[in-house]
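Novice: Dumping the structure here so I can ask a few things about it.
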């Protein structure tokens, strides 16, 4: 893929992620359970948590798109593109949950996308194994974050819980695949900086 083709593909992905309603290749896990009756406070909490999870999927699209655009390894590009396609399902599922809960997406989605895209470009520029290291660390942190949401979501909101549980399993698998592909372990200061940035994003997206 030429640099121009990569740029066009990245721009197309950004527009689709930010402004189009995503379509899932696989049915949402929420479809298998009944919608619960939540009181207003429970609905607000579930909506806020699913908005945060939707932001995470916006960032995943940006990260994978940037890394796939710069790698010269065709096999790695194919793996990144496949992971991005799977994350589109997550993007669609979280958007569906937001709609069902009467909640909106984050107003700062373009900012989150741009930041994650820049991070992906930097990681890819350093090298493929570092790029895979960012994937492994990001997915591991996201999986831990999703586990915390399973503890916070209303117990009766089985639809949101089903989506989050499936996403957690997928993120853990993506992290394991990145490590198996030769991901470098990132230095502790980098991991700490990523966690700090994630905390800022999640605390902001909870409300905005």
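Any Cβ shown, glycine's included, is placed from N, Cα and C.
As listed in Swiss-Prot for this protein:
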type	residues	note
BINDING	57, 87, 90, 171	Fe cation 1 binding site
BINDING	87, 139, 171, 174	Fe cation 2 binding site
Novice: Relative to the mean position of the Cβ atoms of 87, 139, 171, 174, the recorded Fe cation 2 site, which additional same-chain residues have Cβ within 8 Å?
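Specialist: The surrounding set, listed in chain order, is 60, 83, 86, 135, 138, 142, 143, 170, 172, 173, 175.
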Novice: Rounded to the nearest Å, what's the C-alpha distance separating residue 87 (Fe cation 1 binding site) and residue 174 (Fe cation 2 binding site)? Just drop the number here, would you?
Specialist: 10
Novice: For the Fe cation 1 site given as 57, 87, 90, 171, which other residues of the same chain have their Cβ within 8 Å of the site's Cβ centre?
Specialist: 56, 60, 86, 89, 91, 142, 167, 170
Novice: Near residue 90 (Fe cation 1 binding site), which residues of its own chain have a C-beta under 8 A away, given they sit six or more steps off in sequence?
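Specialist: Once residues fewer than 6 apart are set aside, residue 90 (Fe cation 1 binding site) is near 53, 57, 60, 167, 170.
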Novice: Using a 10 Å radius around its CB, how many other CB atoms surround residue 57 (Fe cation 1 binding site)?
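Specialist: I count 22 other Cβ atoms within 10 Å of it.
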Novice: Under 8 Å between C-beta atoms and at least six apart in sequence, can you list the same-chain neighbours of residue 171 (Fe cation 1 binding site), or say none if there are none?
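Specialist: Residues satisfying the criterion: 139, 140, 142, 143, 146.
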Novice: Taking the Cβ of residue 87 (Fe cation 1 binding site) as the centre, count every other Cβ atom within 10 Å, in any protein chain shown.
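Specialist: The Cβ of residue 87 (Fe cation 1 binding site) has 25 Cβ neighbours within 10 Å.
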Novice: Looking at Cβ-Cβ distances, which residues of the chain lie under 8 angstroms from residue 174 (Fe cation 2 binding site) while being 6 or more apart from it?
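Specialist: Residues satisfying the criterion: 83, 86, 135, 139.
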